[in-house]
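First the structure, in the form of structure tokens, and then the observations on it.
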Amino acid sequence: MLSIANNCCISLAQNEWPLYKVAVVGTGRSGMAAARLLHSLGASIRIVDKTRENVSKTFMDWIKQTNCEVMFGEHCPKQFEDIDIVIPSPGVPLNLLKPHFLNTIQVLSETELAWYQLSNEKVIAITGTNGKTTIASLCAAMLVEQGISVFVGGNIGTPLSEYVLCKKKVSVVVLELSSFQLQTCSLFRPDIAICSNISINHLDYHRNMDEYISAKLNICKNQCESDLAILKPGMEALVDSYNLKARVVFYRDLGNFSTSRLLGVHNLENAEAAWLACKELGVTEEIAKKVVTTFEPLEHRLEQVRLLNGVLYVNDSKGTTVEALRAALESFKQPILLLAGGRFKGGDLTSLRPIIKKQVRIVGLFGNSREYFEDAWGDIIPITWDNTLEQAVKRLSNLAHNGEVILLAPATSSFDQYMNYIERGNDFKRIVHEVLNEHC
């Protein structure tokens, strides 16, 4: 028996699951994967969501086929009656659920549920406010190049439960994990944990910064002396305050990957973090350097879209935080015309005043959050504002000079005008490739 929360004991062993009734909250890909895995383990399942419209046809067909109990509607105590365990999908805030069920009910993440069903796979888990997808992708590429079989999943696309259900097994599982996924992890213990950085983010979901940091550090809280934690310099105090037991290594750019095609010092640091993890599992330095040299920058992450009339257009739509904006600005020596704006998530924009003054010639704002940027930088740099990204791109393209960079680095979420950062980045690329052709 293992204690996972609230001083209560739940066994996660396979043969114990028929004893439990589990509420799976949320019907996206993570919720569906958790439900399918629980069904295979013999648990009784109740699917909970606010509305039937959220459920895909595939999932609804599966629910009917398996006769799982379903409850739709606003969250209420009745949804959690007779429930032993709640598995919330990432993005479902716990503070919206907990008022509706007793403290004796255990909260478990889909990731932890699946992790406990693994066999002998080594696990590399990566989190951080910025950089985690690049590090996870680099880890996977290095391992594959070394001839080591890999599953890559978590926040990067495929829930771990889907891997557990498939018959093909691998040597190493690489997981990118968000604070949403980690917050409900109590036992999770990867062999290697990487935390790229922690800066203000998701305070619309977490109650405060302390809760956000605590969620992130769940990635290494349960590690012991035989495990490895790879952390960014500046996180030394957290090792003591959270009483981390793992071997701790702090990574930085050591110049090992100077031939990388990735823009920015932060990406060279990401390569170092990936290399430290993979070296632990037998990847040679030669292989690591080969991978980093040929590694293509990921979409929406300092993605060079087009060189038009001597102006380089760069898409960093994934950069939704103040620290991501800092890293993007530090990646260029050329003068920058900065595109920023959206739904502001918090952070100290005034901390960027020195680099804005040094590196940026004009700031082109679009969408919401105009006042945050104007208050922070309005006295040191020209700022324009347009309602849409397309209008802002057109304006800056008329103002740009040969040899300059027009950089989309919003420092905000996209939810004021777009479904997500991907839709925003794709719209930017459409504008650069299609609209500017007509505009020129």
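Note: Cβ is positioned from N, Cα and C throughout, glycine not excepted.
Features of the protein shown, as given by Swiss-Prot:
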{"type": "BINDING", "residues": "G128, T129, N130, G131, K132, T133, T134", "note": "ATP binding site"}
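Location within the structure of each feature annotated in Swiss-Prot.
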residue: G128; record: ATP binding site; Cβ contacts under 8 Å, 6 or more apart: I135, I194, C195, S196, N197, I198, K216, K232
residue: N130; record: ATP binding site; Cβ contacts under 8 Å, 6 or more apart: S196, N197, S199, H266, G319, T321, E323, A324, A327
residue: G131; record: ATP binding site; Cβ contacts under 8 Å, 6 or more apart: S196, N197, H266, N267, E269, N270, A273
residue: K132; record: ATP binding site; Cβ contacts under 8 Å, 6 or more apart: I126, N155, E176, L177, I194, S196
residue: T133; record: ATP binding site; Cβ contacts under 8 Å, 6 or more apart: N155, I156, E176, L298, R301, K318
residue: T134; record: ATP binding site; Cβ contacts under 8 Å, 6 or more apart: L262, N267, N270, L298, R301
G128, T129, N130, G131, K132, T133, T134 excluded, remaining Cβ within 8 Å of their centroid (ATP): I126, T127, I135, S196, N197, N270
C-beta crowding around T129 (ATP binding site), within 10 angstroms: 23
